[in-house]
2 protein chains.
Amino acid sequence: MDELKSRIRKDGTVINSEILKVDRFLNHQIDPQLMKAIGKAFAIHFQNAGITKVLTIESSGIAPALMTGLEMNVPVLFARKKKSLTINEDSLTTDVYSFTKKVHNTVLLEKDTIIKEDHVLIIDDFLANGEAALGLTRLVELAGAAVSGIGIVIEKSFQQGRGRLDRAGYAVYSLARIASLNDHHVQFLD
Amino acid sequence: MDELKSRIRKDGTVINSEILKVDRFLNHQIDPQLMKAIGKAFAIHFQNAGITKVLTIESSGIAPALMTGLEMNVPVLFARKKKSLTINEDSLTTDVYSFTKKVHNTVLLEKDTIIKEDHVLIIDDFLANGEAALGLTRLVELAGAAVSGIGIVIEKSFQQGRGRLDRAGYAVYSLARIASLNDHHVQFLD
């Protein structure tokens, strides 16, 4: 997606060879028009996948997931990272490790929000090691539903996540694929 | 906002006289079309307030804030509840107590995301004791900018938040005002 790549070049900051900071348009400050274009791109790519729900994980996945759900006219769900008093005990949970924050999170989804008949599109802002995306696939599968696609805004292709998702057989579509962040430079894959 | 009130009546669950669960359309599963209507309602109400940025707090505020920013064509910011490794030390922070989760959170915003000249519209999903909204006003004021309005999706008018914000002189606009949750019944204010 050219608009996204230009924006990464313009407003992204390479912190080191593993971390790209995009908090000026994606995960702290959000550009709503760019998010709308991102939602449209996912909706077009997965238009024939029979998607009935979009699933993401709080917080940075919510904006692109919401815009995708708006375009596809399906509900959006966000998995939560810890228990709130207003979420009942009847939840599906899985464990996800965050390499960025160096913490294990219990990620949870209320049991009846995804049903067996659902075809779920998983959306996330970043794909690095694949921990979050794989955690979301486990929640969908615990609900007995099908993962019908995984849409990623920015894929760090030099990390292992993409390979893990591909090997597991998921249909992955990333809007920007980054081959390397070496020398403080963003090198895209294509 | 009639569409929202109908939805609260239809899909909200009164847990007790203080807690209304709306996780089927607002803060776990999100209805994107309803969020779009909510964004439009805030945009219309605050159209002459000269808003330059929308500010919310992760996670449940992101969806209504994003749709408001989309309608108003301004950037959306979400304050974070704890430090991530990719957020630098140069942050504005304040302390916010969550009565629902019974925890104190450090809420932070990167320093140069809001500038002195900004007119900020604060958006949040719920107004109860006003802790989160007042925390966001402190962040805006630490940045030297003006709080030009506060938009709330659901106000629990029987709690003290609305009064605290009114007394502090903020222009508050709530889409649904709840007078009482007694007897497992949602009683709206008007």
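Placed from the backbone N, Cα and C atoms, the Cβ positions cover glycine too.
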Matching residue for the xanthine site, where TrEMBL names A:Leu20, A:Asn27 - out of A:Lys116, A:Lys156: A:Lys156
All-chain count of other Cβ atoms within 10 Å of A:Gly130 (5-phospho-alpha-D-ribose 1-diphosphate binding site): 25
Listed binding-site residues (A:Leu20, A:Ala128, A:Ala132), ranked by Cβ neighbours within 10 Å, top entry: A:Ala132
Across the domain 'Phosphoribosyltransferase' (A:32-157), average pLDDT on the 0 to 100 scale: 93
Residue pair A:Lys156 (xanthine binding site), A:Glu131 (5-phospho-alpha-D-ribose 1-diphosphate binding site) - Cα distance, angstrom, rounded: 13
